[in-house]
Amino acid sequence: MAMISKTLVFTYIYLLIYIILSSGVILYNKWVLSPKYFNFPFPITLTMIHMAFSGIVSFFLVRVFKVVSPVKMTFEIYATCVIPISAFFAASLWFGNTAYLYISVAFIQMLKALMPVATFIMAVLCGTDKARCDVFLNMLVVSVGVVVSSYGEIHFNVVGTVYQVTGIFAEALRLVLTQVLLQKKGLTLNPITSLYYIAPCSFVFLFVPWYLLEKPGMEVSQIQFNFWIFFSNALCALALNFSIFLVIGRTGAVTIRVAGVLKDWILIALSTVIFPESTITGMNIIGYAIALCGVVMYNYLKVRDVRASSQLPEAAPERMVKVCS
């Protein structure tokens, strides 16, 4: 009994750390990028700082201090798995961070309710999931909720919304590709080794849009570069990456989804306090509540599917045929 309670306590501590770090990174990024606050309107540069820092720290942990061993990485696995995953990881961070320049943190969190919709669409397109009526209806509920929430947004901005939604779909594709490509090769990456391989590659992918879009602007504008602000910002982003893997390892993907919903509510409330221009309307809340109903039902269906699949090996052969047909 004492052991169970101890395990539960640690699980809740990890979840709390994840919620604090995730909320902190989002609010910190918004503060750094916002023209009204720190005024560093270069989201690709900020993302590259994160990737460079994560890559350097993971290199030292793997190669110098040997905290973890590198996996058996061939050129074929790197070219077919790491490179495409890194490309979509870089894209999701780039588009997601750019959205902060145009729309509020509260509205960004509301748009993130589309994540299950994007993941489901990408999974169906990649052949890892089947198009099902019950899931489709949930996706419809989520989409309607997000549309209602968008309609109620006072400071609605098309450019920012497109950036955020594109970032969500890039992240969904990255998640599906990680599942398809790495599992097919039988490759498992822990948080340190995944950053060791993916962060430097993502940095390279970000260099091209940075050179074309942000480098010319940085040369002409009087930007302020505070080492401690960027160092602490990158450190928070790195800690968040580690905490996500820790939580998934301790609890599972469904629990982190539920924790994510709780985090979104906290963030929406916090952002209106920290950034007064981030106003929320009744229509925002109604739309987000509708979307969350769809997300909760989607998570319930996913849990039910996992339980059903885990019971399959123990099922009778006749029942197996019925389930598969």
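Think of each number as a place in line: the chain as shown, counted from 1.
Cβ from N, Cα, C; glycine included.
TrEMBL does not curate its annotations; it predicts them automatically.
Features reported for this protein in TrEMBL:
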| type | residues | note |
| --- | --- | --- |
| DOMAIN | 13-299 | domain 'Sugar phosphate transporter' |
| TRANSMEM | 7-28 | transmembrane segment |
| TRANSMEM | 40-65 | transmembrane segment |
| TRANSMEM | 77-95 | transmembrane segment |
| TRANSMEM | 101-123 | transmembrane segment |
| TRANSMEM | 135-156 | transmembrane segment |
| TRANSMEM | 162-182 | transmembrane segment |
| TRANSMEM | 194-213 | transmembrane segment |
| TRANSMEM | 225-247 | transmembrane segment |
| TRANSMEM | 254-275 | transmembrane segment |
| TRANSMEM | 281-301 | transmembrane segment |
Residues of the same chain, at least six outside the transmembrane segment (254-275), with any C-beta under 8 angstroms of its C-beta? 15, 18-19, 22-23, 26-27, 30-31, 34, 104-106, 109-110, 112-113, 244, 247-248, 288, 292, 295-296, 299, 302-303, 306
Count the CB pairs under 8 A between the transmembrane segment (77-95) and each of 101-123, 194-213, 225-247, 281-301, then give me the winner. 194-213
Find the member of 40-65, 101-123, 194-213, 281-301 that has more C-beta pairs under 8 Å to the transmembrane segment (225-247) than any other listed stretch. 40-65
Mind checking which residues of the chain, 6+ beyond the ends of the transmembrane segment (162-182), have their Cβ under 8 Å from one of its Cβ atoms? 80-81, 84-85, 88-89, 91-96, 98-99, 102-103, 108, 111-112, 114-115, 118-119, 121-123, 126, 128, 188-189
Dominant neighbour of the transmembrane segment (194-213) in 40-65, 101-123, 135-156, 281-301, by Cβ pairs under 8 Å: 40-65
Name the range, of those listed as 40-65, 101-123, 281-301, that has the largest tally of Cβ pairs under 8 Å with the transmembrane segment (135-156). 281-301
Averaged over the domain 'Sugar phosphate transporter' (13-299), what pLDDT does the prediction give? 89
Using a Cβ-Cβ cut-off of under 8 Å, list the residues of the same chain that are 6+ residues beyond the ends of the transmembrane segment (40-65) and lie near it. 29, 32-33, 90, 93-94, 97-98, 100-101, 192-193, 195-196, 199-200, 202-203, 206-207, 209-210, 213-214, 217-218, 223-224, 230-231, 233-235, 237-238, 241
Remote residues contacting the transmembrane segment (101-123) - C-beta distance under 8 A, at least 6 residues beyond either end: 26-27, 30, 33-35, 41, 43, 129, 135, 138-139, 142-143, 145-146, 149-150, 153, 155-157, 159-161, 163-165, 168-169, 171-173, 175-176, 264, 267-268, 271-272, 275, 277-280, 284, 287-288, 291-292, 294-295, 298-299
